[in-house]
Each structure stands twice: as structure tokens, then as C-alpha cells.
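Novice: This is the structure I have questions about; it appears just below.
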Amino acid sequence: MERNLKNVLVISFGFLFLFTAYGGLQSLQSSLNSEEGLGVASLSVLYAALILSSMFLPPILIKKLGCKWTIAISMCCYIAFSLGNFYASWYTLIPTSVILGLGGAPLWSAKCTYLTIAGTSYAEKAGKNAKDIINQYFGVFFLVFQSSGIWGNLISSLIFSQSSTKVETSEKDLACCGAYNCLTDTTNTTESAKPSNSLIYTLLGVYTASGVLAVLLIIIFLDQIKSDQAETEKEKLETPSFWSTFLATFQHLKDKRQCLLIPLTMYSGFEQGFLSGDYTKAYVTCALGIQYVGYVMICFAAVNSLCSLLFGKISQFTGRKLLFALATVTNTACIIALLLWKPNAKQLAVFFVFPALWGLSDAIWQTQTNGLYGILFEKHKEAAFANYRLWESLGFVIAFGYSTKLQVYIKLYILLSVLVLSMVSYGAVECLEAKSARGAPTALKKENGGPLTQETHM
């Protein structure tokens, strides 16, 4: 096997093992650690730490440690979060959430840097186009990585389904499920359906082992980048300094289009936060039990993955406006239906319809918003994508932050309001682009070129 491709596969399977654990844990936080909202509070803190990490750490760590060891050490930050869940309390989960958040940005930056250098290196040797090889490597990575959402949730559902205490949800308890959930009673309902400690420890043991396997895979099998390639990349990272990069992120807000895209970018965090933090707890765990959370999130991950690939390919024919319209209609219909629907265990299929439709919409939000940033801010991509991660992460922080303070129906109204605002501001961006295109009609012809891969947050 060609050496660079071997390294790509090592990174891909390393991320697969790591995010099999993290993805499964994230989906369970609101249900597994529901006491005083500890689970969602930890996720809020995690994404706040990720915001700070994105601004400062990646250039420094990659420069000092190189890509291989940045990836390995950052992965250890994720393992710390798994260990913190063994004895979940404010004194263990919050600090480990901060550690994970700080490790998140360097991990993804080092991965992108490594794949880019590997692709460029092979292209030079083979006399091929570097962009083509890099796209192929990223395609291989996401093909392997995207399945982590399926495996992590499948493991949790299979383990929790072994629980001998199958609790039938009473009509009184069902009244506290759904949009008009009882903030004081849902914790009790969730607690009654909570698996035994032995099953929880078994799950956390499997997740921790998966994370350790990821680190060992990187340390043992991933090659160091050659010194001349690494130095070249370090020079890119050194210029500009992280302070000027930090300032450039906020200076980019002088661009009117960037300001108008803030609601759309934050909505991405809001809608993902609602599904993993509120839908899983107030609908699935409350009415069916925690053992179904994994199956429901598998449905979301599978549809999301397939639709990301599909919409990336057809966007060049449909254009982004039509796809954004489809996502808006689908999400709006889901929000209205969730406001009206009373969860009932007899309507099992309905619990899977919502995450499937949510996965379809999320695939559009991720691929098309990423693509939109790349097209609009082609000359300032670094500052633009720093803003993307900043505002999306802020959406996560807010969504998880108010998760335990408000009833679900209020959060659904907030979600709908942000969605409407997002589409109004996005429409304004398209109008600005249309005006500028009149002066340069060929500039806008590069609508949505080529397939886009969806990068998982974190």
C-alpha cells in the first residue's frame, strides 16, 4: 500500500475509534447525567472551551509538536472526558469538558494539515494535481469517519438494552414528555428509566478503550511528516501570529455579508444542540427509555451522512438557494410537529421520523453553509472559517446553556425564530451578491461547485 494512503487510513480509523466514543457520550449526556442539568451544562462548557481553543491553540501546538503528536495528545483530551463520566459530578465532568474543548480545535487542525501535506507530497511524486489528491484523501477520511455516529450509538443501545429493569411509562409520566415537559418531573422520570451502574460502567469502559485504541493507532502506525514538509507548514502557521489571526477573525466582521451570516451559522449550533440535548431527553428517553437514544441517533447519523454526499453532488445542478429552501421547510415542519405531538410509545416509528428529517436538513446546513463561506470569502478563508467555528460553537453554548432552564416548547419557538431570522439575513446576502454580480456577471457563476464534505463539530 502506498505510504501516504496508509497514513490517511491510520488517521481515519483513529478518528473513527475516538468519535465512536465521544459521539455516543454526547448523545447520552442530557439523559445519563440529568441531575441539575449536569450533562448539558458540561456540553455548554465544552463548546465554550472549543471557542477559545480555536482562536489560540492550533498554530502553537502544531508548530511545537508537529501534526502526529498534536493529534495524539489532543485525543487524550477526549479520553479524559470519558473518564470523567465514570464518576459524573460537577467536580469531574466540567473540568474534563474544558480539557476536551481545548483539545478539539488542535485535533481537527492537525488532521487537516496532515492530510493536506500528505496529499501534496504524493501529488509531487506522482506528477498529479495536488487539489485532486487532497480531495481524494479527505473523501477517504470522511467515508470512514462519518460512520462513527452509527457505531457509537449502536454500542450504547445494545449495552443498555441488556437492562433487566424495563419500566413502563405511565400516562402521568407521558404527560411530562414532549414540548410541554414538566421541568421538575422529567428528572424523576428519566431516573426511573436509568440503567444500572454496572451497565453504565460497561459502556464507559468500552468507550474509554475505544479512545485508547485510537491513541495507540496514531502513536504506533502514523508516520511523522518529513522535516522539510513540516517546516514549510510551520512557516505558514507562523505567519501571521496567533494574535493577528485572532484580530483578523473580528476584523472580518467589517464585511457586511459576514455579519448577515451570523444567524445562519449560529442556527447550525442551535439545531444540533436541540436534537442531541432536548429531543433525546424530553421525547425519546422520557417516553421510550434511554436504551432507544442510540437507535434514534443512528437514524440521524445515517441519513445525515447519505444526504451530505447526495446534496454535495446535486448542489451544482440545483444551486444553494433551492437546497436552503428545502432545509428551511423541512426544519419548520419538524418544529411545528414537535410542538403539537404528544410522545407515545405505541407510535415508535414517529420517534425515528424526526431525526431522519433533521438529518436531511442538517446535511444541507453543514455542506451548503461551509460552501457558502468558501465561495463568498475566497480571499479571506482563514478568518471566515474562524468566524464560522466561533458562531456555530456559540450556538451550541447557548442551546446547551438554557437547556435545563426552559420548557421544550419555548426552545422550539426560539429555534423557529432563529431559523426565520437566518433565512431573512441569508436572503439579504444573496441580494448583495446579485447586485455585485451585475457589475461582474461571471463572478457569481461559480455557484456551488463540487461536492462538499461535512466536518463534524469537534
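Cβ coordinates come from backbone N, Cα and C, glycine included.
In case it helps, TrEMBL gives these features for our protein:
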| type | residues | note |
| --- | --- | --- |
| TRANSMEM | 39-57 | transmembrane segment |
| TRANSMEM | 69-88 | transmembrane segment |
| TRANSMEM | 94-117 | transmembrane segment |
| TRANSMEM | 137-160 | transmembrane segment |
| TRANSMEM | 199-222 | transmembrane segment |
| TRANSMEM | 289-311 | transmembrane segment |
| TRANSMEM | 323-341 | transmembrane segment |
| TRANSMEM | 347-365 | transmembrane segment |
| TRANSMEM | 410-429 | transmembrane segment |
Novice: Counting Cβ pairs under 8 Å that are 6 or more apart in sequence, does the total for the transmembrane segment (137-160) and the transmembrane segment (347-365) reach three or more?
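Specialist: No, since the transmembrane segment (137-160) and the transmembrane segment (347-365) share fewer than 3 Cβ pairs closer than 8 Å, they do not count as touching.
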Novice: Any chance you could find the range in 94-117, 199-222, 289-311, 410-429 with the most Cβ pairs under 8 Å to the transmembrane segment (39-57)?
Specialist: 94-117
Novice: Same-chain Cβ contacts of the transmembrane segment (199-222) under 8 Å, 6 or more residues past its ends?
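Specialist: Residues 6-7, 10-11, 13-18, 20-22, 24-25, 32, 68, 71-72, 75-76, 78-79, 82-83, 85-86, 152, 155-156, 159-160, 162-163 contact the transmembrane segment (199-222) from elsewhere in the chain.
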Novice: In the same chain, which residue numbers or ranges, 6 or more beyond the ends of the transmembrane segment (94-117), come under 8 angstroms Cβ to Cβ?
Specialist: 7-8, 11, 15, 22, 41-43, 45-54, 57-59, 61-62, 67-68, 70-71, 73-78, 80-81, 83-84, 134, 137-138, 141, 225, 229-230, 233, 389, 455, 458
